[in-house]
Amino acid sequence: MSALAHVPTGQSTGAKPPPAARRGRYRALPYLLLLPGGGWLLLFFALPLLQLAAASLYDPGGSLATGYAMTWAFGNYPDALAAYWPHFLRSFGYAGLALVLALLMGYPLAYAIAQKAGRWKNLLLVCVVAPMFTSFLVRTLAWKTILSDNGWVVGLLRDVHLLGPDGRLLATPFAVVLGLTYNFLPFLVLPLYASLERLDPRLLEAASDLYASPVRAFRRVTLPLSMPGLVAGTLLFFIPASGDYINAELLGTPNEYMIGNVIDSAFLVRLDYPQGAALSFLLMAAILAVVFGYLRRAGTEDVL
Amino acid sequence: MARFWRWVADRWVMGVALLVLGYLSLPILVVAGLSFNRPSSRLSYDFHEFTLDNWRNPCATSDMCDAVVRSVQIGFIATVVSTVLGTLMAFALVRHRFRGRAGINVLIFLPMATPELVMGTSLLALFVAAGVPQGFWTIVIAHVMFCVSFVVVTVKARLAGMDSRLEEAAMDLYASEWQTFRRITLPLVLPGIVAAALLAFSLSFDDFIITNFNAGTTVTFPMYVWGAAQRGIPPQVNVIGTAMFVIALLLVLGSTLRGRRARRAALPVAAPGAAKRP
Amino acid sequence: MGGTTVARETPAGDLRLANLTKRFGVFTAVDEVNLTIPQGSFFALLGASGCGKTTTLRMIAGLEEPTSGQVLLGDRDIARLRPYKRPVNTVFQSYALFPHLDIFENVAFGLRRRGIRDVGEQVERMLALVQLEGYGRRLPAQLSGGQQQRVALARALINHPQVLLLDEPLGALDLKLRRQMQIELKRIQTEVGITFVHVTHDQEEAMTMADTVAVMNAGRIEQLGAPADIYEFPATAFVANFLGQSNLIAAEAAGAAGDDVPVTAHGARYSVPAARARVDRGPVHLGVRPEKLHLVGSADQVPAGHQHVAGVVSDASYVGVSTQYLLRTAWGSELSVFAANSGSAERFAVGAEAVAHWDPRHAFLLPREPGAEDQTTPVLDEPVGVKS
C-alpha cells in the first residue's frame, strides 16, 4: 500500500530553506523533536540490520534450540548462493519481466491521466489507487479465481487455441509475473503521473511546431521530462517486486519460488537463521547493486 | 481516412489507459462478487452460488473476526505512535537548521527503500537474539518502525508547501512562538497529519511480510488470510475485503467532495455593498 | 506572556536606522545603512530586486536579526526584540492572510493575541476604513486581490502600530487597481497619521505616494529626498536611470567659473549652473531628462540661452500623450527626446535632421567613472527577468 506515500517524496524536493535562524535557546529543539522518532528508527531499523549481519556469520552448525555461536562464518554467503542462485535469478527475472509489462501499461496510463483526462483526472487517479484500498492478500487471491482452470479467461484462451485443451494459467510463471505486475503497478504509475502532470502541453505544441513528429516529440520532450518520475517509479516497482514471495506462493508452485520464499522458509520453517540472514543480505546487496547501477545509467541520482 | 487515423492518434492513449484501469480493477470486482458466493468446497475459488449469508454472518468463522479486531488494535496504536513521532521529525526537518540533517534524511529514507523481507528478518533476528518473546507488541514495534518514514514524508510535504510568511505574519501580529504554532501552523498542517495517519493505518492494517516474521503466534487479518489460503478461504474474507474497500473509498470520496466544495466556496462571489465601493 | 507587554504605550518617535548591517555569509545584503524616518511620514525604500530593501524592512519588523547596528524607535533600540514585542506591523508581499481564518478573525488576530476581548467594534470600524463592511465572515480565498490587500492593511492598522511596514503591497495587483490603491493608501495614511515605510521596486509608485524616497542599490542608500528633488537633481548615474530616464553624456569639467561649470563633451562646450553640479572637476556626466529636451529643425530656431546638439532622427514612437524620438548625434550616441503632443510642436520623420536644445538650468552634472561612456539610450525600468 505504500505507493500512496511515495507521491509526496517526489514533490517535496522544493522545500524552502528554514525561515529566519532561531535564537540560541532553540538550538536544542530540533534534536529533541528528532529524538523519539530517530531513536525508534535506530533501535528497530538500523540495529536489527546489524544483528542480521551478525546472524549471517553465525556457525551454520548451530540451531535455534542449542543456540548459535559467532564464528565469522563468511562461508555462509557462498554456500547460500550456491544452493539458491536459481531463485535469485528467478526473482530478478520475474521482477524485470513484470517491470517491462508494467512500463508498457503504466506509461500510457499515467500519461493519459496527466494530460488527457481533463476533469476526470481525480476520478481516474482514485481508480489507480483504489486496488490498494483492500487487502493485498485478498486481491492476490482474487487472481486465483480469475485465472482458475474453470474460469472464463482460461476457457476463452482454450477456445481460441492460445492454450491447449489442458493448458492452464494458474500455477505457471505467467500467473506469478501477472500478479507481480498487478500488485506493484500503482507504485510505478503514481510518481510517473506526478512528473507528467507538470509537463506543459505547450512544450509538445512547440515541438510539433518545430517539425518534430509525434514520435520524436515523445522521445525528445516527453520522455526526458518525465525521467525523474520514471526513475522513481521504476525503483518503487522493482524493489518490492524482487523481494516479493506472496505472488509466487499463491499463484505459482515451488517451481516458481523466488528468493523470498526461500528466506521465509529459512527463518520460519527450517529455522536456519545463518542461511536466512545471509540470503537476506545477498538480496539487499543485489537490489542495491541493481538500483545504483540503474541510477548511474539514468543519471539522476538526486531522485534519492 | 486521414481523419480516422487522427481520431485514433488522439485517443489510443486513453483507450490503453482504460484497459489498464480495467486490469487494475478486475480483482476488486471479483472480491466483491465472491463475497456473495457460496463455494462448492473449502478449497474452491470459483463462483458457485449467490448468497447473502456471508454478509449476514461475517463472523461465522470467529477466529477471522478476532484477527480483524487485532489488526485494528495494532493499526490504531501504531498509527498514533508513528504519527506523533513522524510529525515531530517533520517539524524538525522543515523548520530548523541543525547539524546531521543529511544523516537523518538517510535514516528516514532507508526504511522506505529497504525490501520488507529484509526489515522483517532483521527485526526477527534482533528479537530472537535479545530474547524478546514475539507477539502483539513486537508487531506494534515493527509497524511503528515502517510507518514513521511515511508519516515524515507526508507531513513534510504539507509543511514545506506552507508559506512561512504566514508564521511571520502571526509573529508580527503579536503572537508568541507557541501561539503562532497553536493558531496558525497546527491548523494549517493538520490535513497533512490526518492524511499521514490514514496512510499509517492502512499500511499497518495491510502489512503481511514484516508481521509474518514478528508475530509469534499472534494472528492479524493478513496472517489469517495467509494461513487460510492453505486450508481453504472462508468466503467471509471477501466480505472483509469488500468492506475495507468501500470504507476507504467513502473516506477518499468524502474528502475529495469536501475539498471541491471548499474550492467552489473560494470562487469570488458578488460582494454585498459592491456598488458602494469606488 | 504574549504581546501585552509590547512597548506601544511609549511616546512615538522617529524611526532611526543606525549603521544597520546584515550579512548572509559573505554576501552583504544591507551595508551600514543610516536613515531617519520622521514620525508620521510616508517613506519609500526604492530599489531593484536584491538591493537590500526587503532585508532592511524585515530587520525593522524583527523577522531578520541585524548583523550589527541599531533600529531605534524614539530612543529605544528595538533591533533585537522578537517581532511580537515591537510596536511595528507589516503588510506582507502577497498579503500572507491566514487562509483558515475568516476576514474578521484575520483582522482581529493582533488584538486577540494581546488579550483584548471586545474586538467586534474595532474590527468593524477598521473594515469600514478599508471599505470592506460586511465581508467579515468570508475566507481570504473568496476575496479579490485588491480586497485581500485591504484586509492585510486593516489587519496591521488595527493594532495602531507606531510604524507600518509595507512590503511591495501592490505588486500583485493589476495596473488599474494599483493606481486606485495608491491613492487609497495615501488617504488612509493621512487619516491615521502613522509612519509608513513602503518598500517597492516601482519608481512611479514610490514617487506617487511617498513624502520621502530613499533609492537603494547594492545594500546602500544612493540618495534620499523628496521625489521631485531626486527626480530633478539625481545624485548618481544609477539614480538618474532608475528613477525615470536620463540622457547622460560623457564630459570633462575643469572647475567652476563663476556661477557656472563649463564642460566639454565630444568636442563641444556646454555649461551647467554650479548649484546643479555634484562635481565640478574631472570626468562627469552631463545629464538632461528626455522631456527637458526640445526638438527643432535647425540651429537658428534654438531660443537664446539654450544649449543644443544636432543630429538625425533615428526613431519616432508615437505613444499618445507624447512622441518619443531618438536623435543620433554626430558622435554616434542616441539621445532620447520626449515631445508632448500638445499640438503646437513640429513633428519629425525618421531620417530628418533635427536639433535638440535644453535650458542649462534643467541639466545636471554627475560624477563619472573615468572609463564610462554616454548612457543615453533608453534604459529599461528594471533589469529583464528580475521583477519580483
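Here, residue 1 is simply the first one shown, and the rest follow in order.
Note: Cβ is positioned from N, Cα and C throughout, glycine not excepted.
It should be emphasised that the depicted structure is a prediction, and the values quoted were computed from it without experimental measurement.
Database features, via TrEMBL:
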type	residues	note
DOMAIN	A:88-296	domain 'ABC transmembrane type-1'
REGION	A:1-21	region 'Disordered'
TRANSMEM	A:31-54	transmembrane segment
TRANSMEM	A:92-111	transmembrane segment
TRANSMEM	A:123-142	transmembrane segment
TRANSMEM	A:174-196	transmembrane segment
TRANSMEM	A:217-239	transmembrane segment
TRANSMEM	A:277-295	transmembrane segment
Exercise. Residue list, the transmembrane segment (A:277-295) vs rest of chain: Cβ under 8 Å, 6 or more residues beyond ends.
Key: 52-53, 55-56, 58, 76-77, 79-81, 84, 88, 91-92, 231, 234-235, 238-239, 242-243, 259-260, 262-263, 266, 301, 303-304
Practice problem: Between the transmembrane segment (A:92-111) and the stretches A:123-142, A:174-196, A:217-239, work out which stretch tops the count of Cβ pairs under 8 Å. | Solution: A:174-196
Practice problem: Go through the chain and flag residues at least 6 beyond the ends of the transmembrane segment (A:217-239) whose CB is under 8 A from any CB in it; none is fine as an answer. | Solution: 3, 6, 9-10, 95-96, 98-99, 102-103, 106-107, 110-111, 184-185, 187-196, 199, 203-204, 207-208, 287, 290-291, 294-295, 298, 300, 303
Quiz item: In the same chain, which residue numbers or ranges, 6 or more beyond the ends of the transmembrane segment (A:174-196), come under 8 angstroms Cβ to Cβ?
Solution: 2-4, 6-7, 9-11, 94-95, 97-99, 101-103, 105-107, 109-111, 113-115, 125, 128-129, 131-132, 136, 139-140, 143, 147, 222, 225-230, 232-234, 236-237, 240-241, 244, 246-248, 250-252, 256, 258
